[in-house]
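Colleague: Submitted below is the structure of interest, expressed as structure tokens.
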Ligand code: HEM
């Protein structure tokens, strides 16, 4: 067959000016105004450029300007985006004639050669761009899921995928460059030359399949972690969706693959290649995904903890108002105004101060005895097997009974409504049930003499007049009560349940603590707040449980005061309107501060470590830190010490599982569901009386 070079010049000119493909029967070539899909293709390209540019700019704004943090991944995304832009711009107008969805018989051969040259260059740009974007995403996975040198599954899976992808794309780019001899033969088949196997349709199909497979792997890598997170299913789905906008990239990669198979079988290259190019543009558009809310920043450093919570420059943002009923009326818990908060805090603080606790302690001891009698009852079953106790339930009753007594001298125990104490609920019926209980509590207290009990009311009563400085209206007192009861009851419930959980799971710690308590006292009646202060191992166990299962486990959001001045967090300027916080749970599990964070090791608290102390924040810290810390420690210490004095306990044989195995460690964590405070179940324990010590408890009546 004669080659192109064997023709004379005028024949060559005629061929070059002729159609690149002979028109099918019944068609005539139309070079000047061929039917085309330019408008639609241009719209897709413009949309791709706009979306990818917007995504990149939002990402850079969040990272570089708001978070003041530059990651290597950012540079990969910038390079990937720039290559994508170059690819699109070149593909946008490869010749002066229309080519988008134009049949090959409507294009002159000479224009087609120019077009193929562009295709050759843009294909290489596409491969470079995909490689940079994929590596960028994988580096991000490592940054998010395997911080500060952690060598977990995500680290290894993402690292291996980076190397495989980089190797594959570099290999394919190089293979394209050396596939044809001479080099120009890659796009100009009129020359005398040939190409090796890298240019066959099979090689193209393998490359397409690899592209889809690697997209799927990238999508799957973080899913395990997201689905193992301790959060409601709806939130997991939400997070999963955010992390998998990349699914759109997979979808477009699959379309591109199908399109490449179709074009491999067709001689009408320009028409089908348009489809392929548009799919590739869409695929690259969904590469750099933005994953951070533009006005919410989460920090992890100790400096941030100090700047956010110890500072007088921050206050609680509007998010708090959505937390519960009656929270539209400012209370100590949600007050945004600095002065109002200070006044309320002073008022409430008097009820929960250490001094107040010393006065309140006898009442607390009565309630602890009632709790112990409930435990005793579980051991006095008719059969040989003692009944098991769900510690979440027992701790909840004790926590709310104590809260109601301290707030309004109110004995909740006969009140059926305490079975349900749904403060943070979305159900209207339960909310109004709760609010009417609070109303009952307050109304019956107001009928009594102010000094009938040592309680919050006896302190606040003198201020129940708004005309006085620092005065408080009755409606405001009700609002305070609605948040005070769960602040005191819900949190101690979680703390108690988790302490019992960890002790039942760690026999060595259990024995050490039991020995400490049993060696120190002669009788259960000797166990009081003042006599427990030198039980260091007891305090260590409490702190370790609070570290591993903090009763307020999430992010306590803060923002700058309404004077709208920017403020600093860990060296970064936080502009007005940006909400910041530190996640308590993740700081408590940061191995930089707490080595072997998943191990229950109370011993870590026996040495004085400043860094550990600074990173320990179950009660938060600073002016908005917990007001009831003294009461919490008193209650927890008394309950644990007294229980260990009178009883031995262990996990119930067939109790429902309340443990959560973490793939990174072999130990177990008490499972909490974060809903500002925490929901949980268990541990289910069986108790055994120690000798005949429990006769002490017999003189305590009622309250069960
Ligand atoms: C283990 C038990 C407890 C834990 C872990 C705990 C934790 C916390 C935390 C993290 C905060 C800060 C919330 C925020 O910034 O939004 C807080 C605030 C508060 N807690 Fe506690 N708490 C506990 C027990 C108690 C008790 C027993 C009381 C009352 C007797 C109480 C009363 C308060 C009050 C009034 C505030 C609001 C302080 C303010 O905004 O100025 N807490 N608590």
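Note that Cβ sites are derived from N, Cα and C of the backbone, with glycine treated the same way.
Nobody curates TrEMBL annotations by hand; they come from automatic prediction.
As the structure is a computational prediction, the values presented were derived from the model and not from experiment.
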Colleague: Which one of 9-29, 72-92 shows up in TrEMBL as transmembrane segment?
Modeller: 72-92
Colleague: Between 206-227, 272-293, 294-315, which stretch does TrEMBL give the note transmembrane segment?
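Modeller: Matching range for transmembrane segment: 206-227.
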Colleague: Looking at the ranges 130-152, 153-175, 176-198, which is given as transmembrane segment in TrEMBL?
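Modeller: My reading of TrEMBL: the transmembrane segment range is 153-175.
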Colleague: Out of 39-60, 105-126, let me know the one TrEMBL marks transmembrane segment.
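Modeller: Going through 39-60, 105-126 one by one, TrEMBL gives transmembrane segment for 39-60.
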Colleague: In the predicted model, what is the mean pLDDT computed over the domain 'Rhodopsin' (58-287)?
Modeller: 72
Colleague: Mind giving me a neighbour count for residue 626 (heme binding site)? Other Cβ atoms within 10 Å of its Cβ, every protein chain shown.
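Modeller: Total other Cβ atoms inside 10 Å, all chains included: 19.
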